[in-house]
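In Swiss-Prot this protein carries:
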BINDING   Cys256, Cys267, Cys270, Cys272  [2Fe-2S] cluster binding site
BINDING   Cys322, Cys325, Cys333, Cys336  [4Fe-4S] cluster binding site
COMPBIAS  152-164  compositional bias 'Basic residues'
COMPBIAS  184-200  compositional bias 'Low complexity'
REGION    1-148  region 'N-terminal SAM-like domain'
REGION    97-116  region 'Disordered'
REGION    149-210  region 'Disordered'
REGION    256-272  region 'Fe-S binding site A'
REGION    322-336  region 'Fe-S binding site B'
MOTIF     322-325  motif 'Cx2C motif 1'
MOTIF     333-336  motif 'Cx2C motif 2'
Amino acid sequence: MASTGRVLLLSPPSLSSHPEKLNAILGSHTRDRTDLQMLDRLVHGLVSLPASTYDIVLLLTGADNTLAEPYSLVTRDIIQQVVHSLKPAGKLRSQDNKAWGLRSSGNNSDDDNDNDELTFRNEAILAGLVFDDNGELLKPDVAAQQAVPLKLGRRKKEKERRHPSGNDVTNGKVNAPSSNGVNASTSTATATATTTTTTTPKTNPAPSGVGFIDFSDDYGVPMEEDPQGSDDELIDEDELLGEDDMGRPIVQPPECRPKPGKRRRACKDCSCGLSQKLEAEDKAKRATADKALETIMAPTMKLGSSELAEVDFTVQGKVGSCGNCSLGDAFRCDGCPYIGLPAFKPGEEVRLLNNDVQL
């Protein structure tokens with residue numbers, strides 16, 4: 001099973017307690033071109049995989065010689081890291097050397113292993129892998145794909161072919177020779193060709209590095225009346241994700257993860273879900289604070305609109321024991337009943353309505 005390319009072995013943690021099995025697997029590969037990583041270290045983010053490095057990533061079986069343990073550890077984030085580490089045209093294989101495209105479809109809901117295989121296969125496809133002719137998971141080589149040219153202006157060309165202009169055909173054929181001995185039909189055709197050549201409009205070349213698409217022949221043609229219209233179907237983006245996908249936890253990209261002890265702010269055009277997460281946390285904290293405030297304020301006595309406390313200072317010289325009640329808080333004693341009220345003139349009527357001062 002030795003390979004000439006660079007190989008990455010993904011080992012479940014149970015093999016660490018069976019070194020004889022792990023050594024046997026390592027012995028079947030070229031040691032200087034083989035790397036070994038433990039799945040649990042990848043899951044906890046203790047190690048990271050280099051980009052576009054491996055030709056083959058081999059998923060090892062557990063101590064029970066099944067893929068049940070690796071399936072339970074491999075998440076969408078791990079598969080994305082594996083795909084990122086594969087070279088173009090690199091393959092993801094399993095130790096049992098059975099292609100995932102040839103495995104059971106997983107329709108038997110009683111078989112948990114089939115369901116795990118189906119989930120793993122779907123996650124691999126969502127991460128960008130495809131099946132080759134042998135049913136193996138392959139990372140497509142995007143650079144090798146050919147570009148399809150856009151053939152625009154076909155309606156204009158068909159219209160010119162069906163209804164040619166008058167400059168391209170003669171109005172009639174005259175076989176009588178002219179005065180200079182040249183056939184009239186030949187001279188007419190020559191003149192027509194000369195006219196066509198000289199009247200061809202000159203087009204200004206497009207600026208370097210700028211591409212232009214001519215949609216002038218498509219104006220005014222409704223889509224339902226277009227016999228050769230595009231076959232593209234409109235896709236409802238809400239149907240692309242199911243209930244299981246919506247219920248999955250949000251995987252935060254490494255660049256969006258905050259530093260220890262700090263809270264990272266969401267980007268202005270956040271698309272990873274961090275903005276919604278922070279907004280939900282703020283709402284929860286605000287609701288908790290409001291509830292705690294209501295609990296504290298519950299035993300406090302509150303005066304209704306019909307309850308009015310009136311302090312009468314119409315009598316001159318009527319002051320408190322300190323004699324500074326009307327001067328303001330800076331001059332009032334600690335037990336003054338008017339602490340918090342603005343300064344007022346002796347003899348002025350002060351009303352307290354719903355804890356609001358009305359002079």
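Any Cβ shown, glycine's included, is placed from N, Cα and C.
This view paints the features noted in Swiss-Prot onto the structure.
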{"residue": "Cys267", "record": "[2Fe-2S] cluster binding site", "DSSP (3 states)": "coil"}
{"residue": "Cys272", "record": "[2Fe-2S] cluster binding site", "DSSP (3 states)": "coil"}
{"residue": "Cys325", "record": "[4Fe-4S] cluster binding site", "DSSP (3 states)": "helix"}
{"residue": "Cys333", "record": "[4Fe-4S] cluster binding site", "DSSP (3 states)": "coil"}
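All chains included, 16 other C-beta atoms sit within 10 angstroms of the C-beta of Cys336 ([4Fe-4S] cluster binding site).
A Cβ distance under 8 Å defines the sequence-distant neighbours of the region 'Fe-S binding site A' (256-272), meaning residues of its chain 6+ beyond its ends; these are 250, 278.
Helix, strand and coil counts from DSSP across the region 'N-terminal SAM-like domain' (1-148) read 59 helix, 29 strand, 60 coil. If you count neighbouring Cβ atoms within 10 Å for each of the binding-site residues Cys267, Cys270, Cys325, Cys333, the highest count belongs to Cys325. Put simply, Cys267 is the one of the binding-site residues Cys267, Cys270, Cys272 whose Cα lies nearest to the Cα of Cys336 ([4Fe-4S] cluster binding site). For Cys272 ([2Fe-2S] cluster binding site), the Cβ neighbour count at a 10 Å cut-off comes to 15, with all displayed protein chains included. If you measure from the Cα atom of Cys333 ([4Fe-4S] cluster binding site) to that of Cys272 ([2Fe-2S] cluster binding site), you get 59 Å. Across the residues of the region 'N-terminal SAM-like domain' (1-148), the predicted structure has a mean pLDDT of 84. Cys325 ([4Fe-4S] cluster binding site) and Cys270 ([2Fe-2S] cluster binding site) are 58 Å apart (CA-CA, integer value). Here the Cα atom of Cys272 ([2Fe-2S] cluster binding site) is found 61 Å from that of Cys325 ([4Fe-4S] cluster binding site).
If you take the Cα of Cys267 ([2Fe-2S] cluster binding site) and the Cα of Cys325 ([4Fe-4S] cluster binding site), they are about 55 angstrom apart, rounded to a whole number.
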